[in-house]
């Protein structure tokens, strides 16, 4: 891997992440690498300015934080095919990150320069708000997301999109219609709907009763949030599916589209949200020689396997 330009992105508000970021900058600059350091958080999004800079795209983005910091980087960098190397510094579960200890030892950058790593491609989703009339939708049911969005940027997600009722004063339910490849599947009344990737299957979707999917599988998980019908269950659909979610009921109700937990768009009555697999993948640098997704699950979720694997062998 070439390392002419590297972005070092650290979690805002984390002293440990900032300290590690400074160490990375010093080590890379000692190797003659040009480095740009920036913080990322709920109120700090460095990527629009970084992408607009004259320096151009980096060869690598080093992300120091938790999964949320990685998700923010992936939403902006996947479309540019920028690889992401992430470490869990100041984060929580860290399904997407390497352990912090792999930052130590001074051999990390040489490994990258010698191509001693793997590149994992993670499926992403993209979405657009459809503001057309019912007649226009009927005439062009498969209009591209770019056509629907016009000059607005598409919404991207590595984990999930979800739609929930939007009100400032109360917490109402909503009724959402799900259409898959032109066929109405169900009406979900409850707190909303989650559309997740296999990567996002261990996040909000799992907390809502959805299944866990191996990231080597390309599929889309549809998980209702607290549905008011016992027959409303999560479903898994093929990755090439086109999903359209519309708001039913009172014409004063609005729903909010969220992307990986970040604000996306507000859907007014009559509008729909169209979601499908993104053309680009998130490129994740993997350092482990023999990575095991199941070992990660047992460790992060404290399954019995993590206890059994740590037991001493019988003599």
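Using N, Cα and C of the backbone, Cβ positions are placed for all residues, glycine too.
As recorded in Swiss-Prot:
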- 67: active site, proton acceptor (ACT_SITE)
- 67, 68, 159, 160, 189, 191: NAD(+) binding site (BINDING)
Fill in: Greatest C-beta neighbour count within 10 angstroms, which of the recorded positions 67, 159, 160
159
Worksheet item: Which residues in the same chain, at least 6 apart in sequence, have a Cβ under 8 Å from the Cβ of residue 191 (NAD(+) binding site)?
Response: 164, 165, 173, 174, 225, 226
Response to the item:
Going by C-beta under 8 A and a gap of 6 or more residues, the same-chain neighbours of residue 68 (NAD(+) binding site) are 11, 91, 260, 261
Discussion item. Using the alpha carbons only, what distance in Å do you get between residue 159 (NAD(+) binding site) and the residue listed as 'active site, proton acceptor' once rounded?
Written reply: 10
Worksheet item: Cβ distance under 8 Å to residue 189 (NAD(+) binding site), same chain, sequence separation 6 or more: which residues?
Response: 173, 174, 175, 227, 228, 229
Discussion item. Please report the Cα separation of residue 160 (NAD(+) binding site) and the residue listed as 'active site, proton acceptor' in Å, rounded to an integer.
Written reply: 13
Item to complete: Express in Å, rounded to the nearest integer, the largest CA to CA distance found among the NAD(+)-binding residues 67, 68, 159, 160, 189, 191 named in the record.
Response: 30
